[in-house]
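Heads up, the thing below is written out as structure tokens.
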Amino acid sequence: MSGSQTLVVKLGTSVLTGGSRRLNRAHIVELVRQCAQQHAAGHRIVIVTSGAIAAGREHLGYPELPATIATKQLLAAVGQSRLIQLWEQLFSIYGIHVGQMLLTRADMEDRERFLNARDTMRALLDNNIVPVINENDAVATAEIKVGDNDNLSALAAILADADKLLLLTDQAGLFTADPRNNPDAELIREVTGINDALRSIAGDSVSGLGTGGMSTKLQAADVACRAGIDVVIAAGSKPGVIGDVIADISVGTRFHALDTPLESRKHWIFGAPPAGEITVDDGALSAILERGSSLLPKGIRTVEGNFSRGEVIRVRSLAGRDVAHAVTRYNSDALRLIAGHHSQQIAEILGYEYGPVAIHRDDMIIN
């Protein structure tokens, strides 16, 4: 790929600490140098940084605290300011300004908030400012869980309209088996599609400070590739790794973007976590998959969760297959009332209607 590129670089806690209990500043200095070099060459760089909790623990002198959500939030609140201060200090050596964006998955659930975040991201990039993004761990609750910053980096790549997403980790890439305990494990260089076989060989990282593993990196790669973004998983310790990815030099494991990526509007649908789910019968399933039809209330069997009109929900088959992510035209209570009924009965049952379909085909992404 020639010309100016937009690259999102995700740095996990294991990369930032080198497996220790404190931030490895020498290594972070080197990564900033690589980013600054590419920035000077005209490329747009976005940083997705982990490490707030580790930075907070270090700043407080490694206190003995209970392993609770509240403790993680406390450490994140203390560490986040230390972390952004470090990024700001190091990038300033090269005359580069940074802009902090603290996000949660909730910022991706609402269309307006998604667009606002996208506008902020693009404004920073247009003004040659490096966005530094992290999960807002100090206020997030359910979001503090395995894989948040992996998945967050894929969503950041969508917000930035990135060309590539680089997931830096403590492993050289994705292997055929866990290289820590299998000497015959081989590095997988190229991936053109993520399937169940690939997911089954993804192992978890050994770091006790972070929240990510290889399986969540596959999830992130899947989201980004479907949005038309190439993804590379590589070792953060490899010299010149950021420049290699920009230059398309083979490094780590590369996941190729789909030839027919999701349209811009559907990026948000695919990235948003489902607020609930519905199960459809075989007739509706066939209409959706084979004819590209909208979903009518008649084909709905069950409704799970409580969600509002306009939220993203999951569509499942009777066999339990995850069929699609979609924006619902009706809330969960309304869907329970009209499920199994003909479209002509909607107004009679509800006293109002938003049209004859429960989900329009343009608001649906088939998995």
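Glycine residues also receive a Cβ, built from the backbone N, Cα and C atoms like all the rest.
Of all Cβ atoms in the shown protein chains, 23 besides its own fall within 10 Å of the Cβ of THR216 (ATP binding site). Taken from Swiss-Prot, the feature ATP binding site covers LYS10, THR169, ASP170, THR211, GLY212, GLY213, MET214, SER215, THR216, LYS217, and the record attributes it to sequence analysis.
The DSSP secondary structure for SER50 (substrate binding site) is coil. The substrate binding site feature in Swiss-Prot is assigned to SER50, ASP137, ASN149.
Residues or ranges marked as domain 'PUA' in Swiss-Prot: 275-353.
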What's the CA to CA span in angstrom from MET214 (ATP binding site) over to SER50 (substrate binding site)?
-> 15
If you run the three-state DSSP split on ASP170 (ATP binding site), which class comes out?
-> coil
Could you give the Cα-Cα distance between ASP170 (ATP binding site) and SER50 (substrate binding site), in whole Å?
-> 13
What is the three-state DSSP composition of the domain 'PUA' (275-353), stated as helix, strand and coil residue counts?
-> 28 helix, 22 strand, 29 coil
What is the Cβ neighbour count of ASP170 (ATP binding site) at a 10 Å cut-off, with all protein chains included?
-> 18
